[in-house]
Amino acid sequence: MTTVHNLGFPRIGAKRELKFACEAYWRGEIDQTQLDKTAHTLRANHWQTQLDAGVEWLPVGDFSYYDHVLDTSFLVGNIPVRAQADGQSKLDTYFKVARGTAKEAAGASCCGGSHAAEMTKWFDTNYHYLVPELNANTHFKLNASKLLTELEQARALTSKVKPVILGPLSYLWLAKITDGSTHKLGFLDDLITVYRELLGTLAKEAVEWVQFDEPILALDLPEQWQHAFERVYHQLQLPNLSVLLATYFGPLDTNLRLAARLPTAALHLDITRGGDDLPRVLDILSPHKILSVGVIDGRNIWKADLNKLLAQLKPVKERLGNGLWLAPSCSLLHTPVDLDSEEALDADIKNWLAFAKQKLQELNILQRALDNGETSVAEALVHNAGAIAARKASAKVNNAKVQSLVNNISPSLSERESPFATRIEKQQAKYNLPTLPTTTIGSFPQTSEIRKNRKAFKSGEISQQQYDRTLRAEIAHAIELQEKIGIDVLVHGEAERNDMVEYFGEQLDGYVFTQFGWVQSYGSRCVKPPIIFGDVSRPRKITVDWAEYAQSLTSKPVKGMLTGPITMLQWSFVRDDQPRKITAQQIALALRSEVNDLEAAGITIIQVDEPALREGLPLRKKDWQNYLDWAVEAFKISTAGVGDTTQIHTHMCYAEFNDIIQAIADLDADVITIETSRSNMELLSAFEQFNYPNDIGPGVYDIHSPNIPATEQVVGLIKKAAENLPLQRLWINPDCGLKTRKWEDVIPALENMVNAAKQLRAEVA
């Protein structure tokens, strides 16, 4: 029989139950017992959903209150000293690492009680993980209590449980050395000891299978790391415990032979992104090794072409027999929970989709077809084929006018009138900004009042006119506060926006939205990615009226705020029936019209955010340049239609810039603002070494932490930035938008930021 298993399930709940419970706990509204009860219920529901869909081996340990990489750090006892305190619960220590804490005692440092761990992108996804920290004092020690508790709970439902654990080599690869310690692999022997102890503990619990996730096998691995895999997995063998080595997010390519020959009982491959690996692995796989085929895309929401997949899988089944397992390509963490919850979605489009629950049902259909013949699931296969054909032919998908515009894109469409050196002189003359000009990234707190009014408008309780009146009041409040604080370049605060991608997608043709299509971005932060189902175009102006209104309230410049084409692409569920480049070009042309309309309305500082630029990089460096070429082109198509005195800003966060600095320079934005405070300005080294030519605003405080930065802390960070970059090219700003913060935190933080800029201006005057 063909076995169906799952690598992981969404943890947040179909209605974001975990998010709301965690946030209530952080506010002190519920205690740990109540939080644990919510988590217990969610796990039970998720496991039952998987069992009902025919999953044979349940994943255990994929649930997390915040982040599975942070869970691994606690599993192996790698807890930063700064987060530890006497009398503090393990859960509070956990959240302290994740979120940091505000200053609690007079003796605390200037930057508050405890800063949060650094956060960065999980491979090429929109999920963020908390970076493990390694230093000379790091010593690993097993703490498997969380995993064992969840194991006991799962066994109340089935005996077939499979712990899911981040593998030791991927854990070290993703970590960061915080002092001058040895190479990351220098920590490996100590870590292997803990992993071996963990396997021994699981064996005593009569666990039969354990899944080690090693996604770094989809990367370009140095030779010493390849050798480390051989050494580690020879040591991670126990006679009564089978190891499934799981890889995902891309083809293994040069690492395929290595992975296939490791002494594990099973190997999982993502063939949705590495289809060429499948025929190759069949020729080198040990005859006794199980092959888990990740055949259903765990990162997108489109219904799979089951008939096409069956044609691909049948010869594999004939060759492997019971040695064939089926699974999603990766954890379903990256997909919404259940399409059945969607009641307002266009019926045609809904029929083209599959969320986590439906993806497991697709696996069940494939399993039954392979084991019992296609006639056993004939009705399901006919329905699937009809949905695939209907999508391909739909007039909702295809727009001849948009396709013509894309076909006629010329190089001149992506070039500014003059080089930066000419533009910046004209811009300085026009705006007359001080040294170290201050600004924010765009959004201000989305208060409960804002959310209440938006909900009332969407439900029809208040009219468009009433809703607009509340938004104008919020904008006026934001402008007044910024002027009072003394910020130089203002923003309108984005009160009208629920999400930086969803807001634009709602007003572009070719996009559709769900009610409950939530996925986790980080911690309790959930996003509801729009779905790009067809050709994209802009039927009307999107932001111009709000920007015009904000500008009418002040003599200071107000930035227009747009989300860039690559971020619109990366943070959406993207159609899979044409190259991503084409979809990016369609979005870029739509945004170009918006940028030009903003300029015509007198908004001449325009920010086009691209926080997801690096996220789109293919995992293999040989594929980078092709992506960067069309990604940069898309940004420039969006922004290059303006005059020299119009200043284009862009914003990026959570990224290492060294290896894409040329592409960032090629964007030719007049000002770039970046996330740097969590890395203590380390990210600026890329701009210094490259001699980045344009203006730059390194983030001077971490908005993801509740800490309020002291003026002295901000001064220190600005001075550190000035060691790397000329003072006259520096802007002062937070790391990111302030949407998720509270006004009582934002106001003093911005006041301290502005005071720091004023202090340094006085010093250099």
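Numbers here mean position along the shown chain, with the first residue as 1.
Including glycine, each Cβ sits where the backbone N, Cα and C put it.
Residues annotated as 5-methyltetrahydropteroyltri-L-glutamate binding site in Swiss-Prot, with sequence analysis given as evidence: Arg16, Glu17, Leu18, Lys19, Lys121, Arg525, Cys526, Trp571, Glu615. All protein chains considered, the CB of Glu615 (5-methyltetrahydropteroyltri-L-glutamate binding site) has 21 other CB atoms within 10 Å.
Reduced to three states, the DSSP call for Ile441 (L-methionine binding site) is coil. Listed in sequence order, Val491, Gln607, Asp609, His651, Thr673, Asn733, Pro734, Asp735, Cys736, Gly737, Leu738 are the same-chain residues at least 6 apart in sequence whose CB falls under 8 Å from the CB of Ile441 (L-methionine binding site). Sequence annotations record features per position, and here Swiss-Prot assigns L-methionine binding site to Ile441, Gly442, Ser443, Glu494, Asp609.
According to Swiss-Prot, the feature L-homocysteine binding site maps to Ile441, Gly442, Ser443, Glu494, Asp609. In the three-state DSSP scheme, Asp609 (L-methionine binding site) is classed as strand.
Taken from Swiss-Prot, the feature Zn(2+) binding site applies to His651, Cys653, Glu675, Cys736, supported by sequence analysis. Secondary structure at Glu675 (Zn(2+) binding site), as computed by DSSP, is coil.
Here Swiss-Prot flags His704 as active site, proton donor. Other Cβ atoms within 10 Å of the Cβ of His704 (active site, proton donor), summed over all protein chains shown, number 23. The secondary structure of His704 (active site, proton donor), as reduced to three states from DSSP, is coil rather than helix or strand.
Taking the binding-site residues Leu18, Cys526 in turn and counting surrounding C-beta atoms within 10 angstroms, the largest count is reached at Leu18. Listed in sequence order, the residues Thr440, Val491, Met500, Met561, Gln607, His651, Cys736, Gly737, Lys739 complete the 8 Å Cβ shell around the L-methionine site centroid, once Ile441, Gly442, Ser443, Glu494, Asp609 themselves are left out.
Here His704 (active site, proton donor) is compared against the binding-site residues Arg16, Leu18, Cys526, Glu615, Cys653, and the shortest C-alpha distance is to Cys653. Cβ packing within 10 Å was compared across the binding-site residues Arg16, Lys121, His651, and the lowest neighbour count falls to Arg16. Under DSSP, Cys526 (5-methyltetrahydropteroyltri-L-glutamate binding site) is assigned to a strand (E or B) in the three-state scheme. Taking Gly442, Ser443, Glu494, Cys653, Glu675 as the binding-site residues under consideration, the smallest Cα distance to Lys121 (5-methyltetrahydropteroyltri-L-glutamate binding site) is found for Cys653. Cα of Arg16 (5-methyltetrahydropteroyltri-L-glutamate binding site) to Cα of Gly442 (L-methionine binding site): a distance of 26 Å.
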